[in-house]
Amino acid sequence: MLAGKTVLLIIGGGIAAYKSLDLIRRLKERGARVRVVMTAAAQHFVTPLAAGALSHEPVFTELFDRAAEQDIGHIRLAREADLVILAPATADRMARMATGFAEDLAGAVLLAARVPVLVAPAMNPAMWAHPATRRSVATLKADGIAFIGPMAGAMAERGEEGLGRMAEPTEIAEAAEALLAAGGALAGKHVLVTSGPTHEPIDPVRYIANRSSGKQGHAIAAAAARAGARVTLVSGPVNLPDPAGVEVRRVETAREMLAAVEAALPADAAVFAAAVADWRVAAEAGQKLKKDGNAIPPLALTENPDILAGIARRVAGRPRLVIGFAAETQNVIAHAQAKLARKGCDWILANDVSQDGGDQSGIPGGVMGADRNAVHLVSAAGVEDWPTASKAEVARRLVDRIAEALDRQETLGRQENP
Ligand SMILES: Cc1cc2nc3c(=O)[nH]c(=O)nc-3n(C[C@H](O)[C@H](O)[C@H](O)COP(=O)(O)O)c2cc1C
């Protein structure tokens, strides 16, 4: 996902420019804000009006634009983006780019950009194969510019075929996501997340469960993946799609969740967002319990393994950062502080599930299943009250904090062991 990211799309003057209009939509549906720059040649193929209507933003075409220079400026245009995409990249543009020309807005922006740049070339196969283009591409690659395509296939020119087609908009959007993730704050880290409820069987058809929807845990896994982490999500039974780019292990019971968590270690950080059942039925019936005339079966319970404490108290293979969740209905902070000490984890994210989660349902426990969450981050350093926000926003904030904490540990480690 490109949620919250700004992509600056530079449309060049090739016949494939029409595909870049679709690329605007593909980027926006992934959550990106898209700003468009069009070259003079591009405007022979598609109009700024179409690009503006699709991006919902003004389109920039002129370097010497007084209004834009006062308000935006070509340098700011480059700096305010998280990623620049050049699509289609013409042979001419790549040659100018490799030389460092900045005679128009696209050139100036490309030269001023300090963020990742993704180039999607599109041209006739003879132009692509020409030694001059080969030199441009080699120079740009050495400068750290990322490429997607060109692809093989039929050309716009009648009867011509070969290497030179622009990559499809979906492929370019996916490459953009991968490029941003690779440079993300959690690149190279493994993050383990648990999510959802557990189901503890009574007999083959009945089980004990809780109201957890898995929305918060899944949002954390998705946010960690967007930040470039390798993410393993161990999920109890939920009604949610698998987050993109995340390895999902599905489990039913607490014991299965523990086994999947142990199998997924080592991890740099572990976030235990699942609402694991504290107890399970001591003797699960092998056959469905029958009502007819029998006495009501007593449900003797036994304790489930404590996954959070078990991992947090490990001596070998403990993730560097272990984070638990506490769903409380009263004395939220006091209970969370006690849980932090009892479990031996680094942080507890505590929420008051007696509130309705902002879904206006008024149902106690409404946070479970709602889309918003009000949490407190409880650690040895103190208590932080986070404002009520969407579960996606809470996840983003938590992931930023995880990245900061891991970075800090690495810096301290380097200083201690020079
Ligand atoms: C009909 C037509 C189609 C063109 N298609 C391409 C193309 O696919 N790839 C390319 O590199 N140049 C193509 N060109 C040439 C470019 O438009 C030209 O080199 C221009 O200077 C590129 O400028 P820009 O990169 O600033 O947009 C085409 C030209 C015309 C007239």
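Cβ from N, Cα, C; glycine included.
Taken straight from TrEMBL:
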- ASP278, LYS288, PRO305, ASP306, ILE307, LEU308, PHE325, LYS339, LYS343: CTP binding site (BINDING)
- 5-176: domain 'Flavoprotein' (DOMAIN)
- 186-404: domain 'DNA/pantothenate metabolism flavoprotein C-terminal' (DOMAIN)
- 1-190: region 'Phosphopantothenoylcysteine decarboxylase' (REGION)
- 191-418: region 'Phosphopantothenate--cysteine ligase' (REGION)
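Where TrEMBL records a feature, it is marked here on the structure.
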{"residue": "ASP278", "record": "CTP binding site", "DSSP class": "coil"}
{"residue": "PRO305", "record": "CTP binding site", "DSSP class": "coil"}
{"residue": "PHE325", "record": "CTP binding site", "DSSP class": "strand"}
{"residue": "LYS343", "record": "CTP binding site", "DSSP class": "helix"}
Cβ neighbour count within 10 Å of ILE307 (CTP binding site): 25
Confidence summary (mean pLDDT) of the region 'Phosphopantothenoylcysteine decarboxylase' (1-190): 91
Cβ contacts of PHE325 (CTP binding site) (under 8 Å, same chain, 6 or more positions away): GLN216, PHE272, ALA273, ALA275, ILE348, LEU349, ALA350, ASN351
Distance in Å spanning the most remote Cα pair of ASP278, LYS288, PRO305, ASP306, ILE307, LEU308, PHE325, LYS339, LYS343, given for CTP: 37
Densest Cβ neighbourhood among ASP278, PRO305, LYS343 (binding-site residues), 10 Å radius: LYS343
